[in-house]
Amino acid sequence: MSDSALLNCRQLVTLAGPPGPRTGPAMRELAIIPDGAMRIRDGCIAAVGPRADIVRSLAGDTEVIDAGWRVVLPGFIDAHTHPVFAGTRAAEYEQRAEGATYAEIAAAGGGIRSTVRRTREAGDLELATAARRYTDWFLRGGTTTIEAKSGYGLSLDDELRILKTIRLLNAERRLRYVPTFLGAHEIPDEYRGEIEDYVDLVIQEMLPAVAEDNLAEYCDVFCEPNVFPLDPARAILQAAQSLGLRLRIHADQFTGDYAALLAAELGAATADHLESTTALGLAALHEAGVQPVLLPASVYNLGSARYPAARDMIARGMAVVLATDFNPGSSPTASIPMVLSLASTQMKMTPAESITAVTVNAAHSLGRGSRIGSLEPGKAADFAIHECDDYRELAYFFGREPANAVYLAGQCVYRRSA
């Protein structure tokens, strides 16, 4: 057995509490231990408490992890990312700065389809190398788990290739990856005007191959009238359910109450985006127990002012989740701290609510609430030591990489260079 102890934490932000996702006022309860400490055994948390209590229980040969009187939080859980792709869309970023809209660029063959073309051309090594670079970006912000979508292949072979890259990255044990199949991200060039044929490909070939090799836990669909309308989206998601995959849905990014109602109907784990969802859609999601995953960085990067109604969701008792939506087009950021800042300034979530949304609530949205998301005995020792004096500074000092060191299952996977 390997034993270690984390000591000298100015604030140990544990988020300890009752099982289940947090809602309402409970989202502000972080269970902070000043001068806290933690004992770790074989990659799991063995004990948490005041430093004096933990020190008394240590054996003489216990390895000490010195937090240096910094703030320690659970590793952030980013519940919506697209981390495997080739190239960038910096040219499109410039086009948007000159006045072009996201929809106009997509209609001209850019957007998701441009990344699909570049990704199909890339070799396996190129894809894995790029994704490892992004792994470093996630770690620098204190993230230890990401939900990782495919969606830039849009052919049987290329979707499987992306999911196998995600499996490879997960096996490297620097970051935890939760794989999601997103073959219904866009209609590829060769199927333009033939959506029924492409949906058949997704249902008849892609999904069975994904399920046979256990390459994904979830299936997602970008459900919008001009991408995958309700009937094709429903058919894909029901086929995924029949194969044992759980559901996540890109919902109501542009069209109100379009996909939120579908997410509620099918009992999806999450409905993501929700920028255009009205009270009708929110009521349906709440009643069905679907967790909202809000992506303020994509709203910011697209130059929109339509942020999701986070305060309304919290008032309704919904277990809100925040995520980066890391992707090469609408949200090229892997920074959860930046998302925390946007959540406070643009959606008026408190720093405590935002922390809950990227830890405990995010863990439950991925079916991992009993294993990660808080610093409690029995859970994985996934945590980050941050360069700050108070957890609120993670959102307050925006645009920085706060993590001094990041640990996954008790092992250091990132340390800031001196």
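The backbone N, Cα and C atoms fix where each Cβ goes, glycine too.
Taken straight from Swiss-Prot:
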BINDING   His80, His82, His250, Asp325  Fe(3+) binding site
BINDING   His80, His82, His250, Asp325  Zn(2+) binding site
BINDING   Arg89, Tyr152, His185, Gln253, Ser330  4-imidazolone-5-propanoate binding site
BINDING   Tyr152, Asn327, Gly329  N-formimidoyl-L-glutamate binding site
Cα separation, Asn327 (N-formimidoyl-L-glutamate binding site) to His80 (Fe(3+) binding site) (Å, whole number): 10
For 4-imidazolone-5-propanoate: widest Cα to Cα gap among Arg89, Tyr152, His185, Gln253, Ser330 in Å: 20
8 Å Cβ shell about His80, His82, His250, Asp325 centroid, Fe(3+) site members excluded: Thr81, Lys149, Asp220, Asp272, His273, Leu295, Ser298, Ala323, Phe326, Asn327, Ser331
Length of the line joining the Cα atoms of His250 (Fe(3+) binding site) and Arg89 (4-imidazolone-5-propanoate binding site), in Å: 21
Inter-residue Cα distance where the pair is His82 (Fe(3+) binding site) and Tyr152 (4-imidazolone-5-propanoate binding site), in Å: 9
Euclidean distance between Cα atoms of His82 (Fe(3+) binding site) and His185 (4-imidazolone-5-propanoate binding site), Å: 11
Remaining residues near the recorded N-formimidoyl-L-glutamate site, that is with C-beta within 8 Å of the centroid of the site residues Tyr152, Asn327, Gly329: His82, Phe85, Arg89, Ile112, Thr115, Gly151, Pro328, Ser330
Among Tyr152, Asn327, Gly329, the record's N-formimidoyl-L-glutamate binders - longest CA distance, Å: 12
His82 (Fe(3+) binding site) versus Arg89 (4-imidazolone-5-propanoate binding site) - Cα distance in angstrom: 14
Cα-Cα distance linking Ser330 (4-imidazolone-5-propanoate binding site) and His82 (Fe(3+) binding site), given in Å to the nearest integer: 11
Sparsest-packed of the listed binding-site residues (Arg89, His185, His250) - C-beta count within 10 angstroms: Arg89
Pairwise CA distance, Asp325 (Fe(3+) binding site) versus Gln253 (4-imidazolone-5-propanoate binding site), rounded so that it is a whole Å: 12
Chain-internal residues near Ser330 (4-imidazolone-5-propanoate binding site), provided their CB is under 8 angstroms and they sit 6+ positions away: Tyr102, Ser298, Asn301, Leu302
Three-state secondary structure, Gln253 (4-imidazolone-5-propanoate binding site) (per DSSP): coil
